[in-house]
Structure formats: structure tokens, C-alpha cells
Amino acid sequence: MDSAHPSRGVADRLTGVFWSRPKLLTALLIAPPLLWLGVVYVGSLAALLLQSFYSIDEFSGVVVPEFTLKTYAELLRPSNFDVIVRTVTMAAAVTLASVAVAFPIAFFAARYARGRWKALFYLGVMLPLWSSYLVKVYAWKLILAKEGIVTWAAEGIGAGNVLGAVLAIPVIGGNSLSTSYIGTFLVFVYVWLPYMILPMQAALERVPGSLLEASADLGAGGWRTFRSVILPLALPGIIAGSIFTFSLTLGDYIIPQIIGSSRFFIGQAVYSLQGTAGNIPLAAAFAVVPIVIMLIYLAVARKMGAFDAL
Amino acid sequence: MKSLLVSTTAMAMVVANAAAADMITELGAPEGQVDIVAWPGYIERGETDPAFDWVTKFEEASGCKVNVKTANTSDEMVALMNEGGFDLVTASGDASLRLVAGGRVQPVNTDLIPSWATVDDRLKDAPWHTVDGVHYGTPYMWGPNVLMYNTTVFPEPPTSWSVVFEEQMLPDGQSNKGRVQAYDGPIHVADAAQYLMAHKPELGITSPYELNEDQYAAALDLLRGQRELVSRYWHDAFIQMDDFKNEGVVASGSWPFQVNLLASEGQPIASTIPSEGATGWADTTMMHVNAAHPNCSYLWMEHTLSSNLQSDLSVWFGAVPSVPAACSDGRGMQTQEGCDANGLADFEKIHFWTTPVANCSQGEGACVPYYRWVSDYIGVIGGR
């Protein structure tokens, strides 16, 4: 043994290796998250995509592992296409309603609320997120039930026939609020609203007050300022929020099972097609639909500048 | 890929045969534990309700600690058994034959289970656990899918399932539209088929789980008519109970579980098995082919048949014991009236749940397989 180089411990040697090859350390540190993202996340998505190109044998019900577009053609069958249209329509309606409801709240919070009021606002928006999603949905089922508080209150103030008229509207109406699309819609809006308010409020806070003053100086009224200054500047926030509400509604399979008319949404179709049914290809094809829709949606959102601030 | 499939099937058969040869002939010393995959609520040790405990005494007497892994669907059970690491599973009719065919469970030597003789004779050779005369488990519990109804609307029990299938005036003078429910699972097609067995004999349906194209189409037509009557299909037992309380629902196919719970809350609810009969479920305790604790497993199977389990579980779950004596011999809380209310007297009128497959008694590929039931039932609920 060389006396100038006393024996070195393992850790000491490792330090030496890392010092002489800095890229090795970086690679080692980045490998686990990369593996997670690459294998677990992208890998499972790829497996899903692969499955959707298989088909199921008509007679035996066994999955045939040969590439075909037959399963995607099945998505176009009226009963399956209904499921897609129903889900996308609901997601769009929920998103639009969330924008309409969230904007005034976010605007007030961003531009007027100060100090204690601001804290109260955050608490009010975040509080529902802290309680269980299921508890909220079950609570809404009771609220909207035929013998629930909404019907009771409507009758109490003599608006029972108004509620009846609303429920008599074909397609979206039903036997009671909790068994109609209106009910499903209301609960979706309630549950996803915070995801719209928060990004919207962040965007509105970034609108410089000086621009509003300049707009007023140039003679623009409130409506004109809103349309030409506030809305364009807040648009990225609105789009960011809409990505949440839209994609969350597209994928949800619990709310439509508890509230509504039992007609299937995409998530429920996927859930029931796998398992005993063994129709993994169709389940996978159904699962690809929201992915494609969201990719298109994100492409459009990017065009409109939703990610410019990133 | 196909050859791989063939070879795995062949291997599965070899494994199954090897297992048949390896059937245990005598019991050794207990291994100290037994690992069971079970439905929620099936294996209670007094932690949910101190009155319902059928584990503690077994553990004390046998020295086998009982570890339970609950599973919420039959698919989950099959997946857990495929993974291995468990000794026993409480398999339902849509899982049991898959487990046998896949070589995942081993034959059970009934000579080592003294209480086998007390099992209901009608269940001893039931096709969902007996293949070619070999028993792959011991019957655990069974129950019918009953017609639950509101007693203020129906002073007399409804005599036909027509109240949930066809539009009509109910005894209170109002239509049944919007006031009845149906199960949202595709297996409800079998309930429609059973109704047609009685009302359209010309279709020639012999089993509601084996339907050819024509019979299947007729069942779907009946269900499309039912869609007009149903505001919301039920999926979750507690949501259905809530719908009977707050949503004005007065009749629906259901389980004794909901009926007993609603009745215990003082709701005007009762159940009946109408003249057409009913569909039902039957579960079996099955033993993994590589069970690590076979002696404790056999002791547990004996325990399921001989102890207070059959009696108390049938009260807890609203089900029927596989050992008829458990209804009346006072080993637990169940009574003869309770067993009869849960469906014991109606055994002959019940068609037990099995997975519909293409190759059925009507011929190779003659029947509509289950995956189509699933996709078509989605269409029916969607109004197609």
C-alpha cells in the first residue's frame, strides 16, 4: 500500500468518481423520476393505446391481438357515440357555467378584497376542497332529491310549478332534480368551481391597474374596458381554469353514477367494459377519446396564449 | 401469440390435473394463520358491531390467526388469487368457474370436513363449484335478488315483476312511471329474460344466462320499455335505500340487505319473490392451489359450516345459510322465519348468477356472451 494514498472508504471513492464525472451524478439523480415518468406513466399510456388497436372476437369474447381499427369503428355505433357526445356536451356546459359563476367571484377577490376579506375568500374557495368529494356528492343527492330541500323550498315560496316546468323540459329534465341532467350539471359545477376561480383570480391580479386607468382616461366605459382590456388579459387564466373543469368532467365517473338519469359517461363506460366483460380494447378506445379531445383543446388553448406566462 | 395462448391453456390444465392428484388426504398441525380474500362484511370479528363475531373463537380454538383482504368485485378477487399469497377466497358464481378453469384453486377433500354432511343437499353438487364431480370448495352463503316494495303503496305484496317492467297503475291509483328502479349492471338482462320465461314461453328460454340472439333481442326490448319507467338505475345499496326514502321510489329489484336495513329503520318496506321467480347469487369458499396454510384452511372451512358463522352472517348480510340447520338450531341469532324471509323457501324459484358465455347448452357459439350484454346495456340505459 502506498503511504501517500492511504486506503479510502467506499463513500470517499464514490465522491471521487462523481467529482471526475459530474454527468454521472446528474444521471443517477434524474434516473428515478425519469423512470417513473417514462415507464410507469408513458408506458401505461402506450399499453393502453396498443390495446385499443386490438379487437374482441365476436363469438368467443376473447381479445384478438392483431392490429385493427374495428374497435375505433365501434365507438361510432349510436349507443357508444351517444356516450361520447353526452360527456363532451356536459364538460363544455360545465366549463361555460363555471366561467360565468367564477368570474365575478374571482374579480372581486382580485381587485377589491383586502386583508381579512381576502383570507376569508381563500378559505371560502378552498374549504370545499378539504372535505371528501364523496361526502359532497352524497350531500347534493339529498339536497336535490324529490323530497329534498330544494323541492320543499320551491313549493314553500309557491314556485313548485316553476320547478315542475323546468323538470318537464325534454332531455335535460326528469322526475326530480337529482335524477336529471340538470342535477348532474349543478353538482359538476359545484365540485369543480374552485379549480376555475383560483387560476382566474391569479390572472386578474396580474392585470395592471394603470391600464384600467388609461382605458378610462381614453374615454372607455366600464363595459368597453372589460371587453378590450380585462378580458383579453385574463384569458390565459380563464383557459387554464377551463382545462381543469373540462378535463375533470370528461374523466369523472362517480358523480353521474350517483346523480342523474344513469345514462353512461365515458368514465363509467370504461369502468364497466373492463373486468368480467373483458372488452379491454373498447374500454381502451373509450379511454383514448378524452386524451384526444384534451390534446386538441390544449393545442387551441396554446394558440390563444394560455401558456405564455409559463 | 395464439400458440402462447394454447400452451398457457394446456399448462393451466396440467396444473389443474396435478392439483387434483395432490388433494389433501389427511390434516397436519395448524400453521398458525390463514389468509382469506372475502367480500366486505363477510368475515366479521366484532369490530364493526360487537354482536357479530365469527372469528375470535376460531382463532382461540385453532391457533390460526385469520387475515382478511376484502375485495369489492369478482374481478378483483380473481386478480388477487392469480397473484397468489392467499389461502382462501369467497368466490361468487361469476368468479368460481374462472378460478377452476384457470387452475387457481384446488379440489377440496370433503372427508376432512366433518360438517360437509350438514350442507344443503341442493348446494352440495352445485355447478358453480363442482366440475366433473370434483368439489372445488364449500358453499358459503347465498341469497336471492328480491322485489323490494313500499307497503303503503302495495298493501298486498306484488305478485309479478311486471310492476318494474311494464307501465301500469299501482294500487295507490298512480302510474309506476318514475317510481320504480332497476339494477344498472348488465346482469339485469337476466332478470328481464327470467320475466320473459314466464310471460313469453314461445321464446323457449330455458336459462336466463343462456340466451340466443332472438331471446336476447326480446330481453333488450323489454329493458328498453323499462327505461321509460326508471328515473335512475341503482348501483350502490345505500343510494338505493336513499332513493326509497327521498326520491319516491316504491318498487325495485334489490337484495335482502337493503330490505332488512330499511325495515329496521321503521320504513314501510318489505320484499317478495314474485311468481316468475328471481335471480340470485351463491358464494363458495375456495382454496388456492398453492395455499401456504392448508391445515388452517381446512379448519376454517369446517368452521364456516359448523359454527355460529352461518347463522349470524345470514342475519348480518341478509342472506341464506348453506347449512339449513343453522336457521333453527340456535347456534346463532338467525331464526327459521328470518331464513324464510331471506329466501330459503324459494330456492327452487331462483336462477343463480353465472357468467354468460358463447358456448352454452344451446350449442357452440349459440349464446350471446357477456361482453355484449355490457355494451348493449349501456345503450339501453342511454335510451337506444
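Glycine too: its Cβ is placed from the backbone N, Cα and C atoms.
Record features (TrEMBL):
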DOMAIN    A:84-301  domain 'ABC transmembrane type-1'
TRANSMEM  A:24-50  transmembrane segment
TRANSMEM  A:83-107  transmembrane segment
TRANSMEM  A:119-140  transmembrane segment
TRANSMEM  A:152-173  transmembrane segment
TRANSMEM  A:179-198  transmembrane segment
TRANSMEM  A:233-255  transmembrane segment
TRANSMEM  A:280-300  transmembrane segment
**Request:** Please give the sequence-distant neighbours of the transmembrane segment (A:280-300): residues at least 6 beyond its ends with Cβ less than 8 Å from one of its Cβ atoms.
**Result:** 45, 48-49, 51-56, 63, 71-72, 74-75, 80, 83-84, 87-88, 243, 246-247, 250-251, 266, 269-270, 273-274
**Prompt:** Which listed stretch (A:24-50, A:119-140, A:152-173, A:179-198) has the most C-beta pairs under 8 A with the transmembrane segment (A:83-107)?
**Reply:** A:179-198
**Asked** What stretch of A:24-50, A:152-173, A:179-198, A:233-255 shows the most Cβ pairs under 8 Å to the transmembrane segment (A:119-140)?
**Response** A:179-198
**Prompt:** Who are the chain neighbours of the transmembrane segment (A:233-255) in space, where the CB to CB distance is under 8 Å and they lie at least 6 residues beyond its ends?
**Reply:** 87-88, 90-92, 94-95, 98-99, 102-103, 106, 133-134, 137, 184, 187-188, 191-193, 195-204, 206-207, 211, 265-268, 270-271, 290, 293-294, 297-298, 301, 304-309
**Item:** Contact set, same chain, for the transmembrane segment (A:179-198): CB under 8 Å, 6 or more residues outside the stretch
**Value:** 90, 93-95, 97-99, 101-102, 105-106, 109, 125-126, 128-129, 133, 136-137, 140, 144, 146, 166-167, 171-173, 238, 241-242, 244-245, 248-249, 252, 255-256, 259-261
